[in-house]
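> Just dropping this structure here.
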Amino acid sequence: MSKPAYKRVLLKLSGEALMGDDAYGINRGTIERMVADVAEVAKLGVELAVVIGGGNIFRGVAPGAQGMDRATADYMGMLATVMNALALADAMRHVGVTARVMSAIGIEQVVEPYVRPKALQYLEEGKVVVFAAGTGNPFFTTDTAAALRGSEVSAEIVLKATKVDGVYSADPKKDPNATLFPSITFDEAIAKHLQVMDATAFALCRDQKLPIKVFSITKPGALMRVIMGEDEGTLVHV
Ligand code: UDP
């Protein structure tokens, strides 16, 4: 078998990817499938740092948060990511993968705080590190947390796992002529006004020359193909 293309990656899982076909929350079958994919990769010896979103439970700018103070709503969103992180780490335990959850906001009775050297140590020990509570700051997103933590732990790439299988020239749901870009530069993505990650996350990856791979986590075997460096999704590079 060929070797993985990466030694250390930052995997960004959107909260919505945990919903499956449900309207909200965590779908058991979906999280189990996802974790089985993650376990396969971890068992290859690839060091995995994970940033989990919270959109399946709470989004600071969602209708449910309308009228709320934005920062308060965002803290609720960050707490939602902690719930997802706990569920994810627990599901990993079931398949024999050791995971550690580290939170960007102090909630020590539940999970340990994010301490960079500790996170690096866990990664070197082959544990999966799940970063919860995003950046710990309101007005940001978990995509930005992925770019930030990815840079901090010197990940070789940010793997943005969503429900869409890559970056398209137009919205494939609306335009039948939309085509998928197998690879694109940061500058081309900006020139073509393509939405890869939110602007802050995108700018951070670009500044740090940290490539992004956008792919669908719902597609069987997609994560493994990405890890093996095979054609899958869209690579955004310098
Ligand atoms: N959030 C935040 N700061 C962060 C990360 C997240 O305030 O650094 C809040 C924000 O309200 C966001 C919610 O948490 O809407 C859930 O995160 P996100 O929308 O990024 O999750 P995803 O879309 O990946 O499920």
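Glycine is no exception: its Cβ is also placed from the backbone N, Cα and C atoms.
Okay, these came from TrEMBL:
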- K12, L13, S14, G15, G55, R59, T162, Y168, D171: ATP binding site (BINDING)
- G54, D74, T135, G136, N137, P138, F139, F140, T141, T142: UMP binding site (BINDING)
- 7-216: domain 'Aspartate/glutamate/uridylate kinase' (DOMAIN)
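Can you tell me where each of these features sits in this structure?
Close to D171 (ATP binding site) in the fold, though at least 6 residues off in sequence, lie A178, each with a CB less than 8 Å from its CB. According to its DSSP assignment, D171 (ATP binding site) is coil.
Under DSSP, T135 (UMP binding site) is assigned to coil, being neither helix nor strand in the three-state scheme. Close to T135 (UMP binding site) in the fold, though at least 6 residues off in sequence, lie A104, T144, A145, L148, each with a CB less than 8 Å from its CB.
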> Checking proximity to ligand 1 here: which binding-site residues out of K12, G55, T141, D171 have their Cβ closer than 6 Å to it?
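From K12, G55, T141, D171, counting a Cβ under 6 Å from ligand 1 as near, the near ones are G55, T141.
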> Out of the binding-site residues N137, F139, T141, give me the one sitting nearest to T162 (ATP binding site) by CA distance.
T141
> Using the alpha carbons only, what distance in Å do you get between F139 (UMP binding site) and G55 (ATP binding site) once rounded?
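Taking the Cα atoms only, F139 (UMP binding site) lies 14 Å from G55 (ATP binding site).
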> Any idea which of the binding-site residues G54, G55 has the thinnest Cβ neighbourhood at 10 Å?
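The binding-site residues G54, G55 were compared, and G55 has the fewest Cβ atoms within 10 Å.
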> Work out how many Å separate K12 (ATP binding site) and G54 (UMP binding site) at their Cα atoms, rounded off.
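One finds 11 Å between the Cα atoms of these residues.
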> Do me a favour and check the Cα-Cα span between G55 (ATP binding site) and N137 (UMP binding site); whole Å is fine.
16
